[in-house]
Amino acid sequence: MKPTSQPLKNKTSHDAQREFGGTLGALFIPTFLPLTVLFLISVSRSSEAGVLRWPPPLPSSEQLWDPRAPVLLLGWISLHVFLYFMPLGKVSEGLVLRDGTRLKYPINGFHSLCVSCLLLLLLMVLGAQLGSVFDLLLPLAVCAIVLSFLLSIYLYIRSFWAPSHALALGGNTGNPLYDFFIGRELNPRIGNFDLKYFCELRPGLIGWVVVNFGMLMKETELRGSPSLAMILVNSFQLLYVADALWNEEAVLTTMDIVHDGFGFMLVFGDLAWVPFTYSLQAAFLVVHPQTLSPLRAAAIIALNGVGYYIFRKSNSQKNQFRRDPSHPEVARLETIATATGKRLLVSGWWGLVRHPNYLGDLLMALAWSLPCGFSHLLPYFYIIYFTILLIHREDRDERQCRAKYGLAWDTYCRRVPYRIFPYIY
């Protein structure tokens, strides 16, 4: 098959609005974000942990490279490729594609998480120095960044052999920089192996749990036992990852899978950004131990619990409504009809704000940072970044829904005026 460069005919992506600052963003982000990852790790390991300190702590070349790092990273990814093909769990179909077909996906990510945790416990029993993950953070991050670029280059090149209906609507602009960044092909596969789906929830997300556990073991090596703050951060974030993988099927209807091409934006986010920036609180606590009173710990646990409750209940309500609008749990909810034949929820969680799941997400993000105290800004990087990310994503959702549902979406916005925070935004 010859490579195709023919633009899409329906809603041609050449005319689509470009995201993330267009060409300028596509040039700036792949340069700036990898440096940001290395900078944040370096700051978390320094005694001052000053994000605004100038000049910043720059790692030496020896700190950036360790021959064990690429072996560990490739071994980790190989393990999860193997687990991807294990006949565990069920197989689900994604949404209907533009050519009328539906792809099949193995729903076994939670099994992969369980196997990974069992392997970690086995290694711990065998006396493996799991705390060395802390010492290898920078080399592992460098390897993940390099792998992200290599995979993105491969994806960009192979996309020219994909049929036009397999290209993402927003990723076939004809601008090489932007298309490389945003992703040309929607669902790149090698046989039955879906590269985007695999990266979305497997090596990086579960890798985040492994990095956190490595930080806990490092603190145990240094101080004899893990602190309550470290235990809370590990527990909260393990719950979040376990929830995502237990409800893995829901990812098949998300923007990442349905709308976005698989390019550097998602590749880097999945393989490098998530495991090495989402674990900053745990890395910070290794060098900057914190003491929590029982009352403060209880308040933080309650905050995380409230956030998780809102996040899970709102997502479950949405997913149930998408699967079966006649189900008793959602049939009683008030809806608005649209020209597409679908209906929009205007009561329940989705009548409170337009994105109640984002509200729950942000409450949990705050709870993950609070165990680190208030003496440093670094542990709050995640919630600051995540707030910006979700507001940007909410804006993308708004534009797409308005284009899709038209007047019905305007009616919905009048009925539900607040986007994420009730009575605020």
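We count from 1, first residue shown onward.
Note: Cβ is positioned from N, Cα and C throughout, glycine not excepted.
Look at TrEMBL and you will find 20-43 (among others) tagged as transmembrane segment.
Positions annotated as transmembrane segment by TrEMBL: 69-89 (among others).
According to TrEMBL, the transmembrane segment annotation covers 110-130 (among others).
Taken from TrEMBL, the feature transmembrane segment covers 136-157 (among others).
The transmembrane segment annotation in TrEMBL covers 225-242 (among others).
Sequence annotations record features per position, and here TrEMBL assigns transmembrane segment to 262-287 (among others).
Annotation comment: TrEMBL describes 294-311 (among others) as transmembrane segment. Using a Cβ-Cβ cut-off under 8 Å and counting only residues 6 or more beyond its ends in the same chain, the transmembrane segment (294-311) has close neighbours at 228, 232, 236, 239-240, 243, 349, 356-357, 359-368, 370-371.
Long-range Cβ contacts of the transmembrane segment (365-391) within its own chain (Cβ-Cβ under 8 Å, at least 6 residues beyond either end) map to 40, 43-44, 49-52, 228-230, 232-233, 236-237, 277-278, 280-281, 284-285, 288, 290, 292, 296-297, 300-301, 303-304, 307, 355, 358, 420, 425. For 365-391 (among others), the entry in TrEMBL reads transmembrane segment.
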Dominant neighbour of the transmembrane segment (20-43) in 69-89, 110-130, 136-157, 225-242, 262-287, by Cβ pairs under 8 Å: 262-287
Of 69-89, 110-130, 225-242, 262-287, whichever stretch has the most CB pairs under 8 A to the transmembrane segment (136-157): 262-287
